[in-house]
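Everything on this sheet refers to the single structure shown next.
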């Protein structure tokens, strides 16, 4: 579509019902501010110019909306005098001249490009106002779209609707497309002769008809127009988003044993033939390649899991974790800012942070890379085909050469050459018959403590 378009995002509400210290549009859906989802939908609809109408938390909202995919200009609505008043806060942007003006809300993160494009296409056919509506089983509380012979006659609020009109299930979704050449004239005709003294965008329908123009409605799925005013609605939107994304991934070849227990971030990338077991959480910045397996109860964030690698169960991958092909990070392991080479194994109860583990190496249970000295982080380098025995502490900065072997229980503070064997522990001593003597001493000490406590 070659027509020019300005999208106006209304995001100036007080968010009172959210009971929050920040604007509702900043609350995350799938790990990202909900307003960023709206901007992405606009970008997907090939809309590049956005006027953002802000109120509280103006700077933070503007930052969240500036995703880089569109050009965003912010406009402050100083008073809250209705939706039409909010749109006119962006008058300077409208005056630049566009074929289409599209009005959307910052709290509808489930909206997709399809209804936005459909609305613009109907403007291109010569209509002056296009309202995006939805069909619902329970229209109570919604404004009804009064349509006759394909033309939208009015938007009737529930409280003002007749009994016959209340039986209508086609409802106003709030989003609207307006002919750019007529937008300012139409908006300027909206009055505030109502109980609240506010300027309502919905009045445009009857205004344009009174001037001989034409208004119509296009339908979108109800869930796409779901707005967010409360924490309960935020949770509902999150659930809908997760359901939609899981379905998309499974249709693309990802297997999920119990999809309802898998939680994805907005940018999670799962390739074909990835298997995800129950109760897995993906944070932002995750890419999982084909054939990888994410076992149950794992948490993955900011990580790259390469082809054929396995994670978990009960594993945590933190930002910067990079697992090589067919590598393994097993149960109760944590990996942070570390590269695990191809075929390397970190099987049990291990922390690998700020480290490089070479291909084919085996890291024993309980191994820790001691990367933090209280002030700075330091790097541990482990070569290829190296064996680290159980319960080893590798005190960074330290390097262990390829093919080396580190004995169980060692504390390694110096570099280990390739193919060397390193012991970093005290030699075991055995004292025959000493155990009964120690037990007697311990019992006596225990009795003495009890006696002192009783005397207090």
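Just so you know, the numbers here start at 1 and follow the chain as drawn.
Cβ coordinates come from backbone N, Cα and C, glycine included.
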Determine which of 298, 327, 408 appears in Swiss-Prot for the same acetyl-CoA site as 365, 371, 372, 390, 425.
408
Which Cβ among the binding-site residues (10, 12, 365) has the fewest C-beta neighbours inside 10 Å?
365
Under a criterion of Cβ-Cβ distance under 8 Å and sequence separation of at least 6, what residues of the same chain contact residue 390 (acetyl-CoA binding site)?
364, 365, 366, 367, 408, 409
With a Cβ cut-off under 8 Å, give me the same-chain residues at least six positions beyond the ends of the region 'Linker' (232-252) that come close to it.
18, 24, 27, 29-30, 34, 109-110, 223, 226, 259-260, 262-264, 268, 270, 272
Minimum Cβ neighbour count within 10 Å among the binding-site residues 82, 143: which residue?
82
Suppose you look only at the region 'Pyrophosphorylase' (1-231); what would the mean pLDDT be?
95
When you look at 365, 371, 372, 390, 408, 425, which the record names as binding acetyl-CoA, what is the longest CA to CA distance in angstrom?
22
With an 8 Å cut-off on Cβ-Cβ distance and a minimum sequence separation of at least 6, pull the same-chain contacts of residue 107 (Mg(2+) binding site), or say none.
11, 13, 24, 25, 34, 35, 227, 228, 229
